[in-house]
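As structure tokens, the structure follows; a few thoughts come after it.
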Amino acid sequence: MKRWSIITGIVIIFCILTCKGQVENKKVDFRTEKGKFVPLNLVPGDVVEYSCPYSLNNDIRNMNGVEREHFDNKKFCFDYIFVGSKLTFLKEYVRGSYNVVHKEEGNLYTSQFSVPPVVLTHRNFDCFCYMEENNVVVKKVLRIHISNGVLRKIPGCDFNADYKESTAITTFSNMSPRRVKVCDVYPKSGDFISLMCPSDYSIKPDGCFSNVYVKRYPNEEVKEEDRFNLNRKWDASKYNVVSIETVLKMNMITQGDKYSIFSKLPDVKDQVDFTCICQSNDEQDNLMMNVYINNTSYLTNNTRSIGVNKHSFSNSEIFERIEREEISFAFSSYLSITLILLYLFFLNF
């Protein structure tokens, strides 16, 4: 009896120490789901896969004309989602969604996407599956809720000009690639940073932010007129590609794909500069993201900067809140462990 009590206590302690904040891969397959309505809660970083054996050529119940048109054009999840009754592009509604892929095998349609590590506001949307059940085509609903993780926009550059400003999660967003070629951000240690490119561009260098561009001549003076010129051109001859470990003396964990990339800056005390770009598929256009870590000189000396009033230079308040939560969790975890051990101790007497 005593031995089983000790084993039970160890299992509980293990769960307390390991079950917090785990990223999950979640699957919803309507071939095996019995109910017609499936709620699914996600958090930043989760990966979800959805499968539906579509039957669209039969008599379909509960489908209005608008839905029928979208489904005839195969505008399925997760490329497209329903927010209320409105068909919406996932990458616009959940900014920074990445690895959005789908495949078809016969009538089975399977799609997957990764929730970005930064979600500014709660997101709610539906996926509709029309499938045959008992010789009748019925409508089944996957209702997804994504919990938010931060309270303020993060330092970053989003060059998707056609997306709604209301769904933006970065300090610079909805910038037209035709008019704006450069975006400068000034994060601090601990901040998330992000670069998001249009669908006909891709992020360079490969593996950004693990690999970055740095100036070949870092002490070269930047001309005053260039500093505020948002149309200044990218000149690859002035940069080298290096590992971020070379720049920061430590690695950074990145998440994303060739269109959207995220990273959380480590604890860096020094002033550090680096660059990543969005390059058009024909390699004729480049959109620059310049990152200036722990650099406040531009703010104090150059308040004339275009867009500086829009730019929120740090989301440190967010991390102060998160750190307090983590400290609180750590304390409660140790308290729980202490109580369990005391319980086991007195149980043995």
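Each Cβ is built from the backbone N, Cα and C atoms, and glycine gets one as well.
Positions annotated as disulfide bond by Swiss-Prot, on the basis of similarity to another entry: CYS77-CYS127, CYS157-CYS183, CYS197-CYS278, CYS208-CYS276. Here Swiss-Prot flags 22-149 as domain '6-Cys 1'. Annotation comment: Swiss-Prot describes 153-301 as domain '6-Cys 2'. Sequence annotations record features per position, and here Swiss-Prot assigns N-linked glycosylation site to ASN294, ASN295, ASN301. As annotated by Swiss-Prot, GPI-anchor amidated asparagine applies to ASN315, with the evidence given as sequence analysis. For 1-21, the entry in Swiss-Prot reads signal peptide.
Secondary structure of the domain '6-Cys 1' (22-149) per DSSP, as helix, strand and coil residue counts: 12 helix, 64 strand, 52 coil. Here CYS278 (disulfide bond) is positioned 11 angstrom away from CYS208 (disulfide bond), judged by their C-alpha atoms.
Listed in sequence order, TYR50, LEU90, SER111, CYS127, PHE128, LEU142 are the same-chain residues at least 6 apart in sequence whose CB falls under 8 Å from the CB of CYS77 (disulfide bond). Reported as a whole number, the C-alpha separation between ASN294 (N-linked glycosylation site) and CYS197 (disulfide bond) equals 25 Å. When the domain '6-Cys 2' (153-301) is classified with DSSP, helix, strand and coil residues number 20 helix, 56 strand, 73 coil. Mean pLDDT for the domain '6-Cys 1' (22-149) in the predicted structure: 89. Distance between Cα atoms for CYS278 (disulfide bond) and CYS183 (disulfide bond): 11 Å, as a whole number.
Here the CA atom of CYS197 (disulfide bond) lies 8 Å from the CA atom of CYS157 (disulfide bond). Cα separation, CYS183 (disulfide bond) to ASN295 (N-linked glycosylation site), rounded: 15 Å. There are 16 other Cβ atoms within 10 Å of the Cβ belonging to ASN294 (N-linked glycosylation site). The distance from the Cα of CYS197 (disulfide bond) to the Cα of CYS276 (disulfide bond) comes to 11 Å.
If you measure from the Cα atom of ASN295 (N-linked glycosylation site) to that of CYS276 (disulfide bond), you get 17 Å.
The number of other Cβ atoms within 10 Å of the Cβ belonging to CYS208 (disulfide bond), over all protein chains shown, comes to 24.
Close to CYS276 (disulfide bond) in the fold, though at least 6 residues off in sequence, lie LEU195, ILE203, LYS204, PRO205, CYS208, PHE209, VAL212, TYR213, ILE261, MET289, VAL291, each with a CB less than 8 Å from its CB.
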